[in-house]
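Written below as structure tokens is the structure these notes are about.
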């Protein structure tokens, strides 16, 4: 008996010997590709470029599997792959079949090639009943080839109507049988139409103009179906006999007629491909080329015979048609309708002068027919109870007109109410009162009133009045009164003239030297609209071009940005001024620029304050507050402290320092700071102040959670224990007080500035073991 000695090693000599026993023939020698008598190879199909899996169904798990391949037309059996379960090997020559791999005992071929078409033999080594057996499985693999994209070929892409045309659907490759279908799409047609089945050739005999358009063919086999690009068949034909149309359309016994001074359009159309070339004649004289001839203003001299000649230049053929045009002269244009506004009544006017005879006109309204007259007619109509959107029509009739001609007037109530606004003009010397109430028909009438006294004349849809600017206009109220026939009296709007009022964001701003300062003010009210501006400490107007200053207008707000604050140039009182034609108002903002001095005496005249160090910085109230404690050292006078914060630890990406507290008394040594975001890590520093002189900033620290206190636990144990436990606990606290660094602390070490003269010493940690025994 022959067996495998190991399942987790590469193929060894014993396995190779077994396969030599399995292999009926040597590699490269002829070997019968069919099974024994009565057996047939299993048929398997695969698609080129896809994957196929050849299964070797052998029953029990085999000890080894060998796959071989015999191409069609060959008797040479070629090894493909071998596996023992624990290891496998694929022959390099298997690349001709595709990307070959083994999945258990199955042979998987990806990116299948046509060279894989042929017979496959699966030989397996089995152990059954203590004996080694071999099994064989024959498979026949058929590789199917998808059809390639077809292409339509026309023997004549531009035939003349009446000849024979053949279209061929050419396919480069594809497994037969192939199925063909033809589709036709006319340029102005609704869509594709099936015109042929099964044949690769489509014959159009004889071809006519209905065959013009795009032709596509579809080819399919068992694998796929593809459609060709369209091929255009351009059928040459025509021209047919031209058809002449006249607009506006009017028929007479001898042809067409049109009204004098109307625009008359004569159009000619003759079916032809390529399109016809058109030439117009009047009484045998050429007057125009092109399919359309337009008489911009017809007169009686345009009466005559008009001929359209259509010419196909490709075939050099032509046809023609002649019609007669007669010009009549009714009244010019059409009736003209107008409406005049009066209180409670509308006066409707309709006129249509000229023509022979005069046109007959009559009005018709929502409640019936109105008056009639010749040439012009007037109708005064009471608007009481008249709905919005009422339509009045004036009908004009003339013997030369087949249909009456209308003009219409629709009465519309203007929406809403009048709208008032005011602007200043000519250097604030005048104030312009403006009032508007659009959208009405007839237009609304508007007028300005001052204490019920009319100002100026009535205006239609809009009223404007100029006032000379003067201070006594402040507080005065002006009314714009509107009226319309369809609305109830009393529609108005009012304006109150006011001197501007403003407010500042902060009346006092303090920044350190070299930092940015922001001063803000907002306009609260003012009519006419006011202009905001900033004045510097020397009462000079600050503009966008002023060095060191940037203005940020935001609607009714104007913010002033002071860059690189300098106490010598930027300290002082700034004014935000609001100005309109009635006057102005202002608010002051004091900007303090605090100096950081490097020596004992600052250039500003105040001695340098002492240095400050942060001794404790802990969180409070779920990290929404911090408790800050500090100490001072070194000589110097002080008048207070300044605390700064920023939303990150010090780094190149850290934000600018912001003032967290500045009104701290000189005797204070702690401060609680609130308004923090629990999700943000803050950094803090503190400076001592001597009037406007700032000392060195302290080291930068970030807050930590408060350390755990052992007092409650110890006292509880002492209360329930013996005196010995109490004495031992007191010894623990005494030792901790003398050696604070021997106990762990949750506060992280802070970074001290390199300029800080004081460096903290850190003792080496001491391990202490304390045992407390309490007896209840």
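From the backbone N, Cα and C atoms, a Cβ is placed for every residue, glycine too.
Within the set 208, 376, 637, Swiss-Prot records N-linked glycosylation site at 637. Looking at 692-712, 713-733, 734-754, the range annotated in Swiss-Prot as transmembrane segment turns out to be 713-733.
Counting only same-chain residues at least 6 apart in sequence, those with a Cβ under 8 Å from the Cβ of residue 435 (disulfide bond) are 418, 419, 420, 446, 448, 459, 462, 463, 464, 480, 482, 493. For the pair residue 217 (disulfide bond) and residue 268 (disulfide bond), the Cα-Cα distance reads 38 Å.
Residue 56 (disulfide bond) sits 93 Å from residue 576 (disulfide bond), counting Cα to Cα.
Look at the domain 'Ig-like 5' (500-592): DSSP puts its residues at 4 helix, 59 strand, 30 coil. Note: residue 308 (disulfide bond) has non-local neighbours 242, 244, 266, 268, 270, 278, 279, 280, 320, 321, 322, i.e. same-chain residues 6+ apart with C-beta under 8 A of its own C-beta.
Fewest Cβ neighbours within 10 Å among the disulfide-bonded residues 56, 268, 480: that distinction goes to 56. Cα of residue 576 (disulfide bond) to Cα of residue 122 (disulfide bond): a span of 96 Å.
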